[in-house]
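Chemist: Copying in the features that TrEMBL gives for the protein in this structure:
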type	residues	note
TRANSMEM	12-34	transmembrane segment
DOMAIN	124-290	domain 'Sulfotransferase'
BINDING	Lys132, Gly133, Gly134, Thr135, Arg136, Arg213, Ser221, Lys324, Gly325, Arg326, Thr327, His328	3'-phosphoadenylyl sulfate binding site
ACT_SITE	Lys132	active site, for sulfotransferase activity
DISULFID	Cys307-Cys319	disulfide bond
Amino acid sequence: MAQRFLSSPNRFSARFAFIFTISLSCTYLCYSILFCRGTIMTHQGYEGKRCAKNAGGKKLLGKLSDNCASLDVRSALDEVGVHRDPSDVRDQSKASASSGTHWTDAKLKNISVAQKYGNKKLPNALIVGVKKGGTRAVLEFIRIHPDVRALGTEPHFFDRNYDRGLDWYRGLMPRTLDSQITLEKTPSYFVTREAPRRISSMSHETKLIVVVRNPVTRAISDYTQTLSKKPDIPTFEELAFKNRSQGLVDTTWNAIRIGMYIIHLENWLQYFRLSQMHFVSGERLITDPRIITDKHFYFNRTKGFPCLKKPESSSQPRCLGKSKGRTHVQIDQEVIEQLQEFYRPFNIKFYETVGHDFKWD
């Protein structure tokens, strides 16, 4: 009886000790959570103050700048309703490459972020030529990438508006984040004598994209476009030759001169390394399935070349303007062969210089 009496308090003590231990553990856990939350919020507030203090200044410390940029991106993404894992912010290209839809979403989100938090910068890269080579298509295709923002119109800064100054030029550019590339295109730069020197003065490290095309086909396309605007101009044959019977080509006609690519390239190589220039074949944009896939494009049989499934800032498919893919004027085969013969030495030297045979002969 005495043992049963004594055992009851022991059981009660054990139960009380168990309950007390559980309560103490829960209390400790709650305080730990509150303490950690306060520390994190304080740290984020401190980082925000550091970033605000350094905003607009030079990047004195790379690590600090990266942290500030990361905070800006996180804040901006939160405001536009985007929730991502931090690794996605650090490696955006990896996240955007998973699917066509995801890539388009990433592009649209980056536009929203850039417009609010980005800065207007001088372009990192330029599509400098050539006219009627496919520059508009290349611009539209490149700007699908979420890390590229491009000026839609041709500013003609380095050929017609240079006297307006770099501040005017910068003001035309779309806002971009530090991680994004600013791009513009003006095809006439490639044949403008002063353009390479002027662009080099802006930045020696500018990347240059040159879209080239069979010079005979390019000349016919050029003439076709002009004819649509000026129906009274002379025939293609009259403009292309000084004396057709003698095979004398008129190199003063711009449609012919543009296709003498090596002459213009030699001017560019006085100011830029060949490694800074990327040459794109206008023909391969249409014919090579390794370049054009159904991920972002579909082939439009009426136009004769690929169209965008979802261009920038739109959820609807879009082809290039009605001036693109225009049916060429019919030119006599003998005229085409004469021009091919004329361009052959220029083409060969161009192939040798850039290290690529475009097979235009």
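Every residue, even glycine, has its Cβ placed from backbone N, Cα and C.
For each listed feature, how buried is it and what is near it?
Modeler: Taken as a whole, the domain 'Sulfotransferase' (124-290) shows an average pLDDT of 95 in this prediction.
Counting only same-chain residues six or more apart in sequence, the Cβ atoms lying under 8 angstroms from the Cβ of Lys132 (3'-phosphoadenylyl sulfate binding site) belong to Pro187, Arg213, Arg218, Ser221, Asp222, Gln225.
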Chemist: Find, among the binding-site residues listed as Ser221, Thr327, the one whose Cβ has the highest number of other Cβ atoms within 10 Å in the structure shown.
Modeler: Ser221
Chemist: Looking only at Cβ atoms, how many others are within 10 Å of the one on Gly134 (3'-phosphoadenylyl sulfate binding site)?
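Modeler: Looking across every protein chain shown, the total is 26.
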Chemist: Over all shown protein chains, what is the count of other CB atoms within 10 A of the CB belonging to Arg136 (3'-phosphoadenylyl sulfate binding site)?
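Modeler: Counting Cβ neighbours of Arg136 (3'-phosphoadenylyl sulfate binding site) within 10 Å gives 19.
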